[in-house]
């Protein structure tokens, strides 16, 4: 009787050969590219007079460096314009599908691929971006890769990798009202640590995971990398299949029937052997906020920032650095911390369901006069849906700026940046020093609903106080 995990099954199906040194050559079913990590890779192909091996398995969009305030071409930022022109040319030269600005399908690569039905169970997916793990929400095995591996996939459709161990993270019960997938994944990272996943793939399972929507599952898998894991995934189910059905690039007619039959066979065996199993009680998770300079430094909304004596020797060093950088004191409550900027967006929380939840909090309320708040839809499709539902108007009426799709302030590789020592309440995925554009800017990670609550009060707040 088979005892394989989904990871084992997908890995074995895509294994081309075993390589000297213990790594495997893995075929990549879908390669996603964008404007930042692809130019050098295409340049390397040109130097060797090579063409893209499987252009039909390669899909491009622009997201990282595009401005969100004004997307009229040419961009004011000459570098941004140059990078997008380069991607346009490379896609044209190699016959690669390119979802450009104005296509109706441009956006953050990890938002666009699922909403188009490109992301499917049983796939291997690679992209020159660490948050490629997002796609594991569909039962695919998805890896972020560096530019040299982007080159390899373009040239051969394969990468060399060591097979990962698999840790199952079992989440019992269900999340309480006012607690979201973002809170759960921040809680998981805090419990296990930011390095616990090194060498692992994370399988998220249990009643709490089953209860999540597909977009919430994407949030969970998106931040696997923040826990040190190379990828994260969830076994596909009826929610997965329903989400994909009738999407632009999903299989149709008899191809759908054939795909569905195969997808339903793709799940970890009941008696799968895992390298490690961790069990958590999701009903105990509360709205969660980061206080430090790693995503693992988080606490519940009513908790105090940890005392040094309560931390392990390794955690103490990072905590001291975080106290100083964030201007927090041990024992201080995170609640009521003043914020200057509120950002809703990113590949973690820039989908339509994220905007809906935040809009419910903001409806008939106003952003604090001391706060600059802006929302960046994850894609043109998300923006269109939001406008059709009147969500954009709720944001505008509250005082949020409504922006165009892009990565925006998640990584500030564009014009959206913190200034000086500003404190940001952000729905993104990383709170490293300088992550949001200012060398001294400070980031507090939280759910979109919590960002909305912070925007209204001008300080870190418990969103449950806004929910009837």
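Glycine is treated like the rest: Cβ placed from N, Cα and C.
Because the structure is a prediction, the values reported are computed rather than measured.
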Feature region 'Disordered' in Swiss-Prot, mapped to one of the ranges 424-443, 444-463: 424-443
347, 407, 410 excluded, remaining Cβ within 8 Å of their centroid ([4Fe-4S] cluster): 63, 64, 108, 110, 131, 345, 346, 348, 350, 378, 406, 408, 411, 428, 429
Residues satisfying Cβ distance under 8 Å from residue 410 ([4Fe-4S] cluster binding site), sequence separation of at least 6: 343, 345, 346, 347, 348, 426, 428, 429, 430, 436
Site of maximum Cβ density within 10 Å, from binding-site residues 347, 407: 407
